[in-house]
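Engineer: After the structure tokens below, expect a handful of questions from me.
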Amino acid sequence: MNIGQRYGWEFTLAALLIIEILLFGIANSRMLDINILLLSTSDFICIGIVALPLTMVIVSGGIDISFGSTIGLCAISLGVMNQAGIPMAAAIPLTLLVGAICGVINAALILYTGINPLVITLGTLYLFGGSALLLSGISGATGYEGIGGFPQALTDFANLTLFGLPMPLMLFLLCVLICWLFMHRTHSGRNIFLIGQSSKVARYAAIPIARTLYLLYTLTGIASAIAAIVLVSYFGSARSDLGASFLMPAITAVVLGGANIYGGSGSIIGTALAILLIGYLQQGLQMAGVPNQVSSALAGALLIIAVVGRSISLHHHQIRDWIQRWRNQRLSS
């Protein structure tokens, strides 16, 4: 298989991204300013940080819709620890631990109950979200303001640049590299595809399904914690609703990036490109004065188009054969 066939969808997404930026640039020249393009990634790149491990979960045949609540819980946990006087050097690792525990809870419930991951993570979505609200109430934080008073070293992080790139974007690129190497260049990563294609065959092949799923859901929890820390740095406060709007864009990015929603196939690079495509779509629409409700509706339409388009691309041979048979029947009649 040559590069064009193997990465055809990724090349398509890259081309669409360039076309999108050029079209929005015609409407508003600010979209062609490289500095604005780079700095504006901080508005949506945290979604990408979570979408990367979510890609691996979906490729394995699972799903996790609780990550938005996990982000809120991790953010509030960081705020409460800061209020308690715990230094950031300890609070940040503890926040990552909170995210990891959320992932372990998801994996344990899925494995030991055998219930559909969608149902389990729907339950933990409310569990983690309720816990975040409880902690927020105990801390005395208001819903709008959240918990503030973070050290300047933390709040400055999201505004720093490295080699001309915003730190959140650099962190995202690092996550892309790590997830790509793990998923596409390690034995454990190849196991993810096998589990997603057929868990029964994977079990007969002695693939450690439980260990792999624990790892994937834990990584999603840790990524949620990382996103929470970056969001707290970006907004300067910790709120329980910080990840509330992440669900649809993240899943849309994973599916648009080439992942089969039923498992067995997917692409880290595809997800990364899809995040930029969706993020710049919303940025461009906002610059054009389009209301947020319309951009959300377009994101939903994009998800449907992605699912239908991906399905057509995967089954184009069958569709072509069906059209040929239909034509032959018409000619014979």
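Keep in mind that glycine also has a Cβ here, set from the backbone N, Cα and C atoms.
Just lifted these from Swiss-Prot, have a look:
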type     : residues : note
TRANSMEM : 7-27     : transmembrane segment
TRANSMEM : 45-65    : transmembrane segment
TRANSMEM : 70-90    : transmembrane segment
TRANSMEM : 91-111   : transmembrane segment
TRANSMEM : 118-138  : transmembrane segment
TRANSMEM : 162-182  : transmembrane segment
TRANSMEM : 212-232  : transmembrane segment
TRANSMEM : 240-260  : transmembrane segment
TRANSMEM : 261-281  : transmembrane segment
TRANSMEM : 288-308  : transmembrane segment
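Are these features on the surface or tucked inside, and what touches them?
Structural biologist: For the transmembrane segment (7-27), same-chain residues at least 6 beyond its ends with a Cβ under 8 Å from one of its own Cβ atoms are 37, 256-258, 267, 269-270, 273-274, 276-277, 280-281, 283-284, 287-288, 310, 313.
Tertiary proximity for the transmembrane segment (45-65) is limited to same-chain residues at least six positions away from its ends with a CB under 8 Å from its CB atoms, namely 71, 106, 110, 117-118, 121-122, 125, 166, 168-169, 171-172, 175-176, 179, 182-183, 189, 192-193, 195-196, 199, 212-213, 216-217, 219-220, 222-224, 226-227, 230-231, 234, 243, 246-247, 249-251, 253-254, 257, 259-268, 271-272, 274-276, 279.
Here the transmembrane segment (240-260) has Cβ contacts under 8 Å with residues 9-10, 13, 44, 46-48, 50-51, 54-55, 58-59, 65, 67-73, 75-76, 129, 132-133, 135-136, 143, 146, 196, 224, 227-228, 231-232, 266-267, 269-275, 277-279, 296, 299-300, 302-303, 306-307, 310, 314 of the same chain, all six or more residues outside its ends.
Here the transmembrane segment (288-308) has long-range neighbours at 24, 27-28, 248-249, 251-252, 255-256, 261, 278, 281-282, meaning same-chain residues at least 6 beyond its ends whose C-beta is under 8 angstroms from one of its own.
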Engineer: Does the transmembrane segment (162-182) reach the transmembrane segment (70-90) with at least 3 CB pairs under 8 A, where each pair is 6 or more residues apart?
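Structural biologist: Checked: the transmembrane segment (162-182) vs the transmembrane segment (70-90), no contact.
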Engineer: Is the transmembrane segment (91-111) in contact with the transmembrane segment (118-138), using three or more Cβ pairs under 8 angstroms as the rule and ignoring pairs under 6 apart in sequence?
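Structural biologist: Between the transmembrane segment (91-111) and the transmembrane segment (118-138), which are separate recorded stretches, there is contact, as judged by 3 or more close Cβ pairs.
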